Amino acid sequence: MTLIQKIQQQNNLTQQDINEFIQTLINPDIENEEKASLLSEYTNRPLNQVEVTYLVQAMIQTMYPVQPVYPEAMCVCGTGGDKSNSFNISTTVSFVVAAANVNVLKHGNKSITSASGSSDLLNKMGIAATHVPDVEGRMNETGLAFLNATDTYPVMKHIQPIRKMMDGPTIFNILGPMIHPYKLDYQVVGVFNPDFVKAMAETLYDLKRKRAIVLHGANGMDEATLSGDNLIYEVNQETGVTSYYLNAEDVGLKPAANGTLRGGTPAENLEITLDILTGKDHSSKRDVVVLNAGIALYVSEKADSIKEGVQLAQQLIDDGKAFEQYKKTGGQVYDHIG
């Protein structure tokens, strides 16, 4: 039976099947149309948590048979694919979290489904992506490094064109946040589809994350939002996986519609980020950064609760530490952003 037949029959796939699937997609000698057909069939399958773990392991093995380690490293990222065109929330959050002396290794990409992905924004900031061999030196110096997925996984260049051919998110939106080249201790992942949250949390547990939160934002975003109840799956290597809902009002923040979080071009998003980090912006955009930073500070054990994490995030912005972290990381400040 061929691989595509196995996928179509929706039988459970073995690790060997999954390895074949990944190897087919990254093979430059196979036509993109054939790969797109295979990826489309797989994306339309019901999500299988065991297969997700196999997929993550297969992707990591293509480049990192032995994953590098940096002590107490954390990543904060979203799957993308929510089509909200929000500003770069998780990139902005990274500066706030790193300002609390959390070792943030953010793994990001160029945008596929919005006007400005994290790599597009970093380019505008003047912050270069860190190559894996340089991570340790960069982290020792600044406590924050940005890794570009096309650099950490050059094989992805064979997959990106197929993803662009497809209408909407694929299985790679789910895998992207979990194939971090580093073996992380802490992670926060925002997910565009609530049906995927549990499987991704269980996969992070299988990958031995010390603590993590996988969440789906109220009203369909891949970040925690201010517009209602956010679905949270919390991972703790000692106690397992638990789920609950979190409302921004529970942690002292005002409700706001997701539409108030819209971003734009990389230049517009940079202006939004700088206004937040310098304490100029007190709108819902600041609040959503504070909420997501609060979650990350709780996960990374800098706060005993998300509410305490939110208070710490506010303090880091108000004290100027978040903006100091931005400059320490190499972020440029412009009189006029264009």
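In case you wondered, yes, glycine gets a Cβ from its N, Cα and C as well.
What Swiss-Prot lists as anthranilate 1 binding site is GLY78, ASN109. When secondary structure is read from DSSP and collapsed to three states, ASN109 (anthranilate 1 binding site) falls in the coil class.
The number of other CB atoms found within 10 A of the CB of ASN109 (anthranilate 1 binding site), across every protein chain shown, is 22. Among the features that Swiss-Prot reports, 5-phospho-alpha-D-ribose 1-diphosphate binding site is placed at GLY78, 81-82, SER86, 88-91, 106-114, SER118.
What Swiss-Prot lists as Mg(2+) 1 binding site is SER90, GLU223. For GLU223 (Mg(2+) 1 binding site), the number of other Cβ atoms no farther than 10 Å from its own Cβ, over all displayed protein chains, is 29.
Of all Cβ atoms in the shown protein chains, 20 besides its own fall within 10 Å of the Cβ of ARG163 (anthranilate 2 binding site). The anthranilate 2 binding site annotation in Swiss-Prot covers ARG163 and rests on sequence analysis.
Residues or ranges marked as Mg(2+) 2 binding site by Swiss-Prot: ASP222, GLU223. Note: ASP222 (Mg(2+) 2 binding site) has non-local neighbours GLY78, THR79, GLY80, GLY81, ASP82, SER84, GLY190, VAL191, PHE192, HIS216, i.e. same-chain residues 6+ apart with C-beta under 8 A of its own C-beta.
Between the C-alpha atoms of ASN109 (anthranilate 1 binding site) and ARG163 (anthranilate 2 binding site), the distance comes to 13 Å.
SER90 (5-phospho-alpha-D-ribose 1-diphosphate binding site) carries a helical DSSP state (H, G or I). Summarising the environment of GLY78 (anthranilate 1 binding site), the number of other Cβ atoms within 10 Å of its Cβ, over all protein chains shown, is 27. Cα spacing between GLU223 (Mg(2+) 1 binding site) and SER86 (5-phospho-alpha-D-ribose 1-diphosphate binding site): 10 Å, rounded to the nearest whole number. Among the binding-site residues listed here, namely SER86, SER90, HIS107, HIS107 has its C-alpha nearest to that of ARG163 (anthranilate 2 binding site).
Under the DSSP three-state reduction, GLU223 (Mg(2+) 1 binding site) is assigned to coil, being neither helix nor strand.
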